[in-house]
Amino acid sequence: MALTMTAHFLRNNPIQLGLNLRVLLMLSFVSGLVYGSQVIVPPKVNAVLGKNVTLSCRVQVDTNLSLTQSSWERKLPNGWVTLAVYNPMFGISIPPDYERRLSFRSPSALDATIMLEDVGFADIGVYTCKVATFPLGNTQASTTVSVLVEPKVYVSAGSSALIDGGNETTVATCIAERARPPADVSWETNLYGMSEAHMQEDANGTTTTQVHYIWQPSRHAQGHTLTCVVKHPALQSDFRIPYIINVQFAPDILVLGYDGDWYVGRENVQLKCRAKANPPAQHFRWIRLDGEMPNGAERVNNTLVFTRPLQKNDSGVYRCEVANDIGLHSRDIRIRIQDPPSTTTMPPTTPVRLLTADISATAPGNKQRALITSPTLAPLHEGSLGTIVGGAVGGALFLLLLLILAGVYYQRQRRTFRGDYYTKQYHGPSDMQKAPQPHELQQVYSKGSPDTKLKSNQDNGTIYPDKDREEWGDFDRERSPNGRSRALREAGQLNHHNHQNHEHGFHSNHHTGHPQSYSPAHHIQRSSLQPQPRRYPAPQVMSNGSPYLPEDCYDNEYVSHTDGSMISRREWYV
């Protein structure tokens, strides 16, 4: 508005242009200084009823400005009321109505914070902090004060006692009384109950909140804890109050003392009745159900004591009755008195030394058990010695049986034929083609059969060395002079030495450059010369590569084995 009026004036009065320009520059400078000061207050402050509250006011002033004074005012229905004034030159001024309750915290050109004590509901309202600077003028900011009422919290028990097995009832009630605003109330527990809340409006805008916990009582929850939890802005932290549940129930009874081994003559025995009850049990009673209480059985509080040795007629059913304010419960127990244990003595034993242990046996008249002492062995129970000896003997017999079986198996393996009964097929290992012993050939060829006589050489009457069957693999390269195996040659030599007085005739047809052939032998007088072996045709290699002779080249169809048995060349053995 000032700038508009100045421009209008300059249009109408151009002569005063220079003076008005100076005025315009001054107004612009003042307008820029408006943004050079600032008052900072919180928008809202919560005060607790009956306690102190702080109203903060910070002043930010530019260096080109100077603080004249700072003050607090309150708006009432009939207008504004000044609460406090601070002037750097004249000091602090507070009206008499607030002189005892209001004060500046630390007055200065930058701080106008005040403190209000003993806040009441009348202090609710809007408060304004004003700052006067030169040449700018006044700057202000307002805050709203609310009064909170801290609740009064307590827990009360239900109207009726908690009886085990009763109906659902109120266990306890958590109350947050006269709170502003209303408090948040709840129960914390591990029981399976439910909460029920009620709220009541009071004067001055406060509220009372009640939360009931409803649950069906059970003796198993005796001693458990409920926790009342209250949350409110006036509280620095959650308010928690524990409540212990008290459930009343009739006695739970437990009878002690009977171990099932009561026998005639046993002494110092008793039956004790223990009861768990709320309230505590006040009455105990022992009775016998199947007859009169025997003589010598006395009732002492909750215990039935037998003051004499047990007798057979003490057997029976006994009952313990326990009562309290809630009810009466009982527990029955059947007692069986057995025959006395036998007193037979153990038979005498002889001392036995086992390893390093010293064992002493009991005497016939001594009731002490065998004592075993050893630095390395723990004492053995009766009968353990026999078990150990029996186990050792059994183990030795088992090892002996294994050795016998191993020997039998080894002997059978040695007598087992490892060759092939099919003599027309060659098998490699040389130990399967061992030459027969002389005494074995003697049994085969000593019967005088013309087909089994040895043939002599027509030329010089000597027996040429020949290769074994193991060497038949190179039969084509080096042929035996007489075409016979070493076994036949050795057999011929044996017959020559053992039968010098017998006559054997050997005839052979020998043609140079033709294959040898043989014919049946004839008996002739035995000369001083050695018998002449007969030449046999050279063995032909079979089409399957076997170096054995054809079947018609052998004198006999049986061949001897190392164990003395005879094996046919033509038969199959299964």
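Positions of Cβ are set from backbone N, Cα and C atoms, glycine also.
What Swiss-Prot records for ASN52, ASN64, ASN167, ASN204, ASN301, ASN313 is N-linked glycosylation site. Under the heading disulfide bond, Swiss-Prot lists CYS57-CYS129, CYS174-CYS228, CYS273-CYS320. Among the features that Swiss-Prot reports, domain 'Ig-like C2-type 2' is placed at 251-336. Per Swiss-Prot, the feature topological domain 'Cytoplasmic' maps to 409-574.
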Between CYS174 (disulfide bond) and ASN301 (N-linked glycosylation site), how many Å separate their Cα atoms?
43
Within the domain 'Ig-like C2-type 2' (251-336), count helix residues (DSSP H, G, I), strand residues (E, B) and coil residues, in that order.
3 helix, 47 strand, 36 coil
Can you tell which of the recorded positions ASN167, ASN204, ASN301, CYS320 lies nearest to CYS57 (disulfide bond) in space, using Cα positions?
ASN204
Counting across all protein chains present, how many other Cβ atoms fall within 10 Å of the Cβ of CYS57 (disulfide bond)?
26
Just going by other Cβ atoms within 10 Å, which of the glycosylation sites ASN52, ASN167 has the emptiest spot?
ASN167
Summarise the model confidence on the domain 'Ig-like C2-type 2' (251-336) as a single mean pLDDT, whole number.
94
Between the Cα atoms of ASN204 (N-linked glycosylation site) and ASN301 (N-linked glycosylation site), what distance do you get, rounded to the nearest Å?
63
In sequence order, which residues at least six apart in the same chain have a CB under 8 Å from the CB of CYS228 (disulfide bond)?
VAL153, VAL155, ALA172, CYS174, VAL185, SER186, TRP187, VAL211, ARG240, ILE241, PRO242, TYR243
Please tell me which one of the recorded positions listed here (ASN52, ASN64, CYS129, ASN301, CYS320) sits closest to ASN167 (N-linked glycosylation site), measuring Cα to Cα?
CYS320
For CYS174 (disulfide bond), what is the secondary structure by DSSP, using just helix, strand and coil?
strand
Say you check the Cα of ASN52 (N-linked glycosylation site) against those of the recorded positions ASN64, CYS129, ASN301, ASN313; which is nearest?
CYS129
Where CYS320 (disulfide bond) and ASN64 (N-linked glycosylation site) are concerned, what is their Cα separation in Å, rounded?
101
